[in-house]
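K.L.:
Sharing a structure here in structure tokens format.
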């Protein structure tokens, strides 16, 4: 990998040395974790002096609990929805409940303080608990049972009624409508609340304001939202209009409470089939949303990947994605009708190599798909972000579906930032997503950020209302996921630090630090490997990747002017001869250092690969070096002869190989798992993958460095395209250059789409783990050459490297931690 010419700024954190330039890097301090939060947290997570061990819970216990959740979705009961289902009467008899088991569950699950719902000991009362309690009280009163339960529930509501009036308190979706609707039912049955009548009137006034105000979205989105919270509207609802939103499973938006309300109001007897199935399956309580398998399991898979621990659950994830794929090809409503779920499914399926087209996303091609939905009414940034991210998984340059989705979703997200329409935490997430596209993010850096921002189970109980009418928190094993992610991140940092020390020793052993022109940056170069091939077991792949990145950067500097023509030709001949290099000899000590660094390192890599590859593969590494230096020599000769290629194609014939990804990817591929035959390296697929990766790197480099390279007398694809389209000198040079950059961006996008299609496709000669290396390299290149905000700076790159390799996690944990096991 060639570092950009603009990386001269890296000198800010390099120190001059009599033996060349090598970055300052002191031995890492002992591994540690910085925990923000209450006392006693370290003990509960077993993160004491030995941060890499689990004392409270063993690693296999953590994995077993997460694995159980992956295999079987555990539905979290909703007191609110259970109460509404409990109010459904037997057909033809309004005096008998159809679902007595729901009533029994309500009677058995009241808290000591008289409330229902998820009540946290010692925590303040929230609107969700108040809503659940009121719903359960109304349900019991409906059947004249549980008199003592009703009394204690009313007492709880009376003491905490002020919470319902507090506009600063977080609320479930549609609270002003659902709570006031229940309050209206309660007063109609003769229930008396120990509160002032003015407070009750205040609740109804809030509902009036809610019903009369202009919403975020359109008239269509408002109708959808009102159907979703229809149980809170009662006689005010147009029930025929609600039925337009009934799904194949006979529910209304998969909401048990909405389905129950339509039955109670006599407008949807068919919903009884949905409720019968739901209650018989769960035998008592019902969840806030059903079915939710796709929603829950996709979220689990996505979370495990974002936290960097998905490798522990590859079999379970494969089973889940197989199930999601079946839902996708059958166009199942559970998957396709929810914007966020559908977009996440598309992204995960495509990135895991499932053969799916973007046709399933066509329903979101217009902005109206968001504006006219509940998501638009509720200003649902999360669903919009998921849609935006999925639009970047393009395998065809002319995929207009994803292109249009990406265009309008990015625009709406940008408008949210400008108008400050989102919460601060969401705004930061939006800004990050717009700045770092999916194809320019590095996994380990992302994972550290995700770990540090991950919410514990206790935080989710407080903040987890999201888009649902009652607090949906699921049964996801948040604390176990966090503990496992923290443990594995710490363990990997220990490995990374040792590997980096070994690489610094390798630099000295190869004498590369004696070359005054060499830009030796082991930690930044190693960061590109650790941030993509992060599992600890890929140690040899990371080391081979880093060694070859350092070597190719040094050789590139040599061909860029630090070597004479005689020295350059000598190095090329030495690499061509390889084992027969003794016949040629060395024209200088510099050439000798460079050649032996390449030669000896390549032989060491090949020897380490023998147990995996069952053969000596040094010839493949040597050949990749030959193509690389041959291209570099051609470019050097052009520069020295002041020759300008006549076409971009002529320039790229040398510039693609000279970008020098061949040695790096070829060497790393030997250690990622599969045995690679001669046919793999000789295949058209492998050659095409390499050409695409090199092309991406070359174009990114040229677009960022063309001004500097023109001053140095070097040719560049941007300059050549501008010259060839300048109309014989007519027109503005600046305009020609801008047009050239636009064309190069188009070619870059096409190459990136082609690369992703090859990497994610099912089948092929090159094994998937090897294909992924090309995509990893592409992501590294986009990250390194990022144009926005001048991110590629000395401070920025070193901070990123330190974040992955050295800096401890900053984790916020609450005392309850892992006390559940």
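Cβ atoms here come from the backbone N, Cα and C positions, even for glycine.
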K.L.:
For the feature motif 'DDXXD motif' as recorded in Swiss-Prot, pick the matching range from 546-550, 551-555, 556-560, 561-565.
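P.N.:
Swiss-Prot lists motif 'DDXXD motif' for residues 556-560.
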K.L.:
Within the motif 'DDXXD motif' (556-560) only, compute the mean pLDDT.
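P.N.:
94, rounded to a whole number.
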K.L.:
Enter the number of other CB atoms within 10 angstroms of the CB of residue 709 (Mg(2+) 3 binding site).
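P.N.:
A count of 19.
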K.L.:
Taking every protein chain in this structure into account, which of the binding-site residues 556, 560 has the most other Cβ atoms within 10 Å of its Cβ?
P.N.:
556
K.L.:
Can you tell me how the residues of the motif 'DDXXD motif' (556-560) break down into helix, strand and coil by DSSP?
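P.N.:
Residue counts for the motif 'DDXXD motif' (556-560) by secondary structure: 5 helix, 0 strand, 0 coil.
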K.L.:
Using a 10 Å cut-off on Cβ-Cβ distances across all protein chains shown, tell me which of the binding-site residues (701, 705) has the largest neighbour count.
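P.N.:
Counting every other Cβ within 10 Å of each candidate, the maximum falls on 701.
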